[in-house]
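Visitor: Sharing the record's features from TrEMBL:
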{"type": "REGION", "residues": "1-24", "note": "region 'Disordered'"}
{"type": "TRANSMEM", "residues": "44-61", "note": "transmembrane segment"}
{"type": "DOMAIN", "residues": "52-341", "note": "domain 'Sugar phosphate transporter'"}
{"type": "TRANSMEM", "residues": "73-92", "note": "transmembrane segment"}
{"type": "TRANSMEM", "residues": "112-133", "note": "transmembrane segment"}
{"type": "TRANSMEM", "residues": "176-193", "note": "transmembrane segment"}
{"type": "TRANSMEM", "residues": "199-219", "note": "transmembrane segment"}
{"type": "TRANSMEM", "residues": "231-251", "note": "transmembrane segment"}
{"type": "TRANSMEM", "residues": "271-289", "note": "transmembrane segment"}
């Protein structure tokens, strides 16, 4: 996967600029439109599909750990995911397989943490947004069944649209706004008979929606101006957020409770944690990749499209919500709105 000028490039796609201008005209087809007139490139479509696959699987493994095994410490899982992600990034960067910037990974870095300290400070708002997003998202899975979790999470698009407007002054066309309105209406219809299920669980999901919107909008604003690629942003998040989560889990006594957990040495539980950590790394990578290639709103809409599979698999594996026609209608409206957005995006409207 060498680049046109003979330099050795990163082995994985890492940013919106990766592959554009690889010397001569090589690689132009890789970033071509999905088809004639499309507003989404092939690489953008691959990024979106990769994100959706990782997201569905991660929700299932997190739900298994927190609900099926009744693991009491969601923050410990978040900490494990951060530690594994940071260690993996360190090894890959040390072996010069990846780079944290858009520079050839074989070029040595004289920075202590592979990135200049001023860049680390510049990405601090993104890291703090990521910390809130991780903590709220992990806790929100616990108190709500999977179908209703995905239904409520669909309202994230409204918050994302609002954050994009205030942070980037980005406006959207009437078809896009209409598709978002249809998604939100579907979410309320689906949850109409479940609103008394768990007020605290619902509140945490909406907090997670707000933090997700802030995080995605921050990626779009800071990520592209920092000079870091997807791996670099993940690395800075780990350096800033890891110590904070470790301190939080220690103060709350989560580490002690985790060590006393009866299934801690169960092979099944350990396999769930391992896959959760691997998928968290892949999910964070695909979130950065998808958001920088496409947009924060596209990232949110991808989250809605993958809910079709999350709802189906979650209903089968975890249950928690009896069949109800109103719920099915609401789910259908949400998927219809997501499909309308995808159509408008692909058509370039």
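Glycine residues also receive a Cβ, built from the backbone N, Cα and C atoms like all the rest.
What you see is a predicted model, and the numbers here were worked out from it, not measured in a lab.
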Visitor: Can you find at least 3 Cβ pairs under 8 Å between the transmembrane segment (73-92) and the transmembrane segment (176-193), where each pair is 6 or more residues apart in sequence?
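Guide: No, the transmembrane segment (73-92) and the transmembrane segment (176-193) are not in contact.
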Visitor: Between 112-133, 176-193, 199-219, who has the most Cβ pairs under 8 Å to the transmembrane segment (271-289)?
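Guide: So the stretch in question is 199-219.
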Visitor: Considering only the recorded stretches 44-61, 176-193, 199-219, state which has the highest number of Cβ pairs under 8 Å to the transmembrane segment (112-133).
Guide: 199-219
Visitor: With a Cβ cut-off under 8 Å, give me the same-chain residues at least six positions beyond the ends of the transmembrane segment (199-219) that come close to it.
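Guide: Residues packing against the transmembrane segment (199-219) from afar: 125-126, 129-130, 132-133, 136-137, 139-140, 142-144, 149, 152-153, 155-156, 159-160, 162-164, 167-168, 233, 287-288, 291-292, 296, 299-300.
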Visitor: So what's the mean pLDDT when you look at the domain 'Sugar phosphate transporter' (52-341)?
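Guide: 79, rounded to a whole number.
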